[in-house]
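One structure below.
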Amino acid sequence: MSEQAIVSADGMEVPLLFPSSAARLPAGGGGTPRRNRFAFVCATLASMTTMLHSYNLTLMSGAQLFIREDLGLSDVQIEVLTGSMNVFMLVSILGAGWLADRLGRRCVLVIANAFLMAGALTMSLGSSFVTLMAARFITGIGSGFGRVVTPVYNTEISQASTRGVLSSLLNIFINIGVLLSYVSNYAFSGLPVHLGWRIMYGAGVIPPVLIAAGILFMPESPRWLAMRGRHAEAHAVLLRTSDTPAEADLRLSEIRQAIAQWHQQEAGSVWQLIVRPSTSLRRILICVLTLDFFVPASGVEAIRLYSPLIFKAAGMKSNSAVLGITMAIGAIKICFILVGVLCTDRFGRRPLLLASTAGVTVTMACLAMTLCIGAASATKIVICIASVLAVVASYSIGYAMVVNTYNSEILPLHLRAKGLSMGVAVNRLTSGLVTMTFISLADAITMPGCFFLYAGITAAAFVFVYARLPETKGRSLEDMDVLFDK
């Protein structure tokens, strides 16, 4: 092998763009390079945007009890208010990929935080159903930008060896937001009805300002910079986010090679390629869109947003007790997300997804059977709580965090932002359908019937993962086309 080249992950020689930096590699391959922490800091800051999204979305779980009483809203209005944010997100989701390719990943994250701040402020001041719907729309715009661009940025800033962990930070902060919303529900539930829910949402006004200020100090994605022809800037970022200068050279060489191949193959617009994809790209898009359908169709988001109604159906009466249990749901989600993060780069994406889908199928069926038990009793309440926690744990260890990582790494560079926009659009549309129909569906087929339906859908997801998803652990982002060609 030439001293001016490095062997890439698939065994090919890749020329170094900056050969002199190879001298700073450990001699003879020995020694352990310093693990880079800067990429971790950047991915953490970007992921905090999704924490605000999940906080505002899940806050309605407990806030609806007080909003209903304060403003006199009907069941249908509460159902629409709860699930509408997922539908409103489609407006920004479908444009986020195009905007991120035009303005850059970092700029769109700042815009997302501006909308999240405005939405939280409007919600806290709302005095009618129409005002609250407008607030959910504003918040949905910011949430859509954040949900699409954060995984793109985290994937593109990270190395192959740590991509699973850094991409999973998004899921950690989503669940931190969920937990904080449950804590907020409980902490302010004792205040006067007209005041408590407003403070819950008002608490989300300042954090977006601070996060946006921090994002302005982050570097732009090196892959986006390379796509714009700004190779020197891309190399400077890669030097800060790689363990060694030679690794930065290798990563930039692979990025430039991928961009060159894209320009050679380009025969039309990106959207034309999506409509008439190659064999490997068609397989990738099928995986992305199907996974993003199955995740919300599992019904776990209905549990997250309507857990107070589920516990009351099991026999719990006290609002305070119900909101206290929801905090346990948030804590369980955080714990098992962390377990999943530690396992994703060690065991791979596929085993975690198989274990998670199987676990959700079994535990969701157990929850349905528990709710079929006759009269309310202490035993039924305990089993119901245990079943809900088991569903959340099974979902969080794989389903909740691996899908975002998997989808963001299998999409090719030139389609990553737009492909994720499509996937998140499917995800939010399905989520909106589930959350906006849960009460009506429970009235039609009973609440246990809903959970049996969700269990069946998740069983189908297990079959899909087993039959269609290859393992991506340890592969470079530029190597995914080869994997899906097989």
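Even glycines carry a Cβ here, placed using N, Cα and C.
Per TrEMBL, the feature domain 'Major facilitator superfamily (MFS) profile' maps to 42-473. Annotation comment: TrEMBL describes 38-56, 76-100, 107-127, 133-153, 165-183, 195-218, 321-343, 352-376, 382-403, 451-469 as transmembrane segment.
Counting Cβ pairs under 8 Å to the transmembrane segment (195-218), the stretch among 38-56, 76-100, 107-127, 321-343, 382-403 with the most such contacts is 107-127. Counting C-beta pairs under 8 angstroms (sequence separation of 6 or more), the transmembrane segment (165-183) fails to reach the transmembrane segment (107-127), with fewer than 3 such pairs.
In this chain, the transmembrane segment (107-127) touches the transmembrane segment (38-56); three or more CB pairs sit within less than 8 A of each other, excluding pairs fewer than 6 residues apart. Proximity of the transmembrane segment (133-153) to the transmembrane segment (107-127) is established through 3 or more Cβ-Cβ distances under 8 Å for residue pairs spaced 6 or more apart. With Cβ pairs under 8 Å as the measure, the transmembrane segment (352-376) is packed most heavily against 382-403, out of 76-100, 107-127, 321-343, 382-403.
Of the recorded ranges 76-100, 107-127, 382-403, the transmembrane segment (321-343) has the largest number of C-beta contacts under 8 angstroms with 382-403.
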